[in-house]
Amino acid sequence: MEIKEPLLGTSMAKGGLRTLPFIIANEAFEKVASFGISPNMIMYLMGSYGMELATGSTLIYYWSSATSLAPVIGAFLADSYVGRFSMIGFGSIFSLLGMILLWLTTIIPGATPCDESNTKCTSLNYFRLSVLVSSFGMMSIGAGGVRSSSLAFGTDQLLKEDNHGNTGILERFFNWYYVATCAAIIFAVTCVVYIQDHFGWIVGFGVPVVLMLLSALFFFLASPFYIKSKAEAESPMALAQVFIAYFKKRHFKFSENHDKLYHRRIGSKLVMPSDNLRFLNKACMVVNAEEELTEGGKAIDPWSLCTIETVEELKSLIRVIPIWSTGIIFSINPSPFNVLLTKSMDRHITSNFEIPAGSFVGFLVISAVSWIVIYDLIFMPLATKMMGKPVRLSARKRMGIGILLSCLSMAVNAIVEGIRRETAIKEGFSDDPNGVTDMSALWLLPHLWFSGMADVFFIIGQNEFFCSVFPKSMRSVATNLGGVSMSLASVFSSLILNATDYITSRGGKESWVSSNINKAHFDYYYWVFTGLCLLNFFYYLICNKAYGPSYEEQDDKSRDHEDIGHCTL
């Protein structure tokens, strides 16, 4: 008698819709906790630890770099070794421990070198710095565990091996996942930042601890109901094996007998590798079948013979590196000290309410969400109606538009900062970096609006492009590859900051990035970034042309629209 799988509503079923609220809640609470800490961190480092602006910003850059890189490493580990459930659980616990450690620095007397009034500071010794860096490190590791696997783990609950028809439900899950993430960030940069500004660091850092605890509890509460897929993907080491196998066979020449020349996975439809980066094809070329293959058709030594699929995976990674590298300059962000500049402006909406300085980044998120709605529901339908046929901007065109918009955003920021500095000097705040000018902080909204537009075009376009050119077996890599460029961008931003501080402060001059923001020249600093953005745009045009036509341009019908649509989220 045939045994059918029980329905989702029965007590024996695993996965299904009932598990999704727990997964979404875990990710949302983690986002609120982590993003609620970062906006005001520069003020905490300068006030409680007595750091200079450049020193504190450098530390934040490295923390941001580690947090951006961790999900990429987490994706490899989850797919190849530990599984997604274990990775999310591991990340939730580490994030909680890191936030508790940071919270303790506000409670334990002497944990920070400055007193409560931030007027008397002792030296920042090795122990105090180690505790601070350890908390940052644990939060980065935790973010890598949660963010690398949440979306894929939710997909596991809906797409079972014998059921691939839940596409409508899956689309709804992605939509709610994105909405929950955006809502969490907005809540973090408004409510949590407001609490920090008005109730102090003890309460302000205590709230993220409670939220992260709820995140972990929500996730583990539904543990008996999850589908926990085993790690089955190939190890990243397989990509290194391609280089070694090629090097060993570099002297062999290609044969014209393609039918029996190349080694492929059992059941694979691929007969031979592509002509792109053709020299790597030697890694999967069978020279002596008796010495290189077992009776079952597997490679005896994977360091001497690889499969066609593994070679093609490496080719996909190599080919996108130039275009991927443009995301490094795009992602450079001078935000650690933006909050100080915002704090020096009039942030009142009414006579009794003012927006916290750290909450202004919420306008960027609102801009991004708004432009997604405008682009999908207004712009594209209108363009289609005017042209009389379906209109669609390719992923790479959207990436180029995003880079141009980032240049415009940075230029607007430089102009506004120049006006703010002149206003502060005219109002007598030249020697008072804490003075608040009469200039409204709402002048920052155009910069944030253009930044949100740039993110929508570039980041979503980049994800779609990666998903369209990478094999399905590298889906985790494709959806997390942008994190590597963000990580390198943070390091690059730190190098530019320190180089600018060193060069412009020589001869006893006031540094462009001085802690006294009214004597500094952050407007010049922003113009430097504007120039880098323009250079990055021309570099992108070169890389885009060198890449050639992508799959979506060669044969749009041959692409799996469903899978690509999922990846773009």
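In case you wondered, yes, glycine gets a Cβ from its N, Cα and C as well.
Bear in mind that the values here come from a model prediction, so they are computed numbers and not experimental data.
Packing against the transmembrane segment (60-78) from elsewhere in the chain are residues 34, 38, 41-42, 45, 84, 86-87, 91, 136-137, 139-141, 143-145, 147-149, 152, 231, 236, 333, 336, 476-477, 479-481, 483-484, 486-491, 493-494, 497: each is 6 or more residues past its ends and has a CB under 8 Å from a CB in it. If you look up TrEMBL, you'll see 60-78 (among others) marked as transmembrane segment.
Per TrEMBL, the feature transmembrane segment maps to 85-106 (among others). Sequence-distant contacts of the transmembrane segment (85-106) (same chain, six or more residues past either end, CB-CB distance under 8 Å): 26, 30, 33-34, 37, 48, 74, 77-78, 112, 131-132, 134-150, 153, 200-202, 205-206, 208-209, 212-213, 215-216, 219-220, 223, 226, 228.
With a threshold of 8 Å between CB atoms, the same-chain residues lying at least 6 positions outside the transmembrane segment (126-146) that come near it are 26-27, 30, 34, 37, 49, 59, 63, 66-67, 69-74, 87-99, 101-102, 104-105, 111-113, 215. What TrEMBL lists as transmembrane segment is 126-146 (among others).
According to TrEMBL, the feature transmembrane segment maps to 176-195 (among others).
Feature annotation from TrEMBL assigns transmembrane segment to 201-227 (among others). Within its own chain, the transmembrane segment (201-227) has Cβ neighbours under 8 Å at 14-16, 18-19, 22-23, 25-30, 32-34, 36-37, 40, 44, 48, 85, 88-89, 92-93, 95-96, 99-100, 102-103, 106-107, 146, 153, 156-157, 160, 192, 195, counting only residues six or more beyond its boundaries.
If you look up TrEMBL, you'll see 317-337 (among others) marked as transmembrane segment. Sequence-distant contacts of the transmembrane segment (317-337), counting only residues of its own chain at least 6 positions beyond either end whose CB sits under 8 Å from a CB of the stretch, comprise 41-42, 53, 56-57, 60-61, 64, 239, 276-277, 361, 396, 399, 402-403, 406, 454, 458, 462, 465-466, 469-470, 474, 477, 481-482, 484-486, 488-490, 492-493, 496-497, 513, 517, 522, 525-526, 529, 532-533, 535-536, 539-540, 543-544, 546-547.
Residues or ranges marked as transmembrane segment in TrEMBL: 357-378 (among others).
TrEMBL lists 399-419 (among others) with the feature transmembrane segment.
Per TrEMBL, the feature transmembrane segment maps to 439-460 (among others). Distant neighbours of the transmembrane segment (439-460): 327, 330, 342, 345-347, 355, 357, 360-361, 363-372, 375, 398-399, 401-403, 405-406, 408-410, 412-413, 416, 419-420, 423, 482, 568; these residues of the same chain sit at least 6 beyond its ends, with a Cβ under 8 Å from one of its Cβ atoms.
The transmembrane segment annotation in TrEMBL covers 481-504 (among others). Same-chain residues lying 6 or more positions outside the transmembrane segment (481-504) and placing a CB less than 8 Å from one of its CB atoms are 54, 57-58, 61-62, 64-72, 320, 324-325, 327-334, 459, 462-463, 466, 510-513, 521, 525, 528-529.
Marked as transmembrane segment by TrEMBL: 524-542 (among others). Distant neighbours of the transmembrane segment (524-542): 323, 326, 329-330, 332, 334, 399-400, 403-404, 406-407, 410-411, 413-414, 417, 496, 500, 512-513; these residues of the same chain sit at least 6 beyond its ends, with a Cβ under 8 Å from one of its Cβ atoms.
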Short question: which residues 6 or more past the ends of the transmembrane segment (399-419) have a Cβ under 8 Å from it?
323, 326, 330, 341, 393, 439, 443-444, 446-447, 450-451, 453-459, 461-462, 465, 522-524, 526-527, 529-530, 533-534, 536-537, 540-541, 544
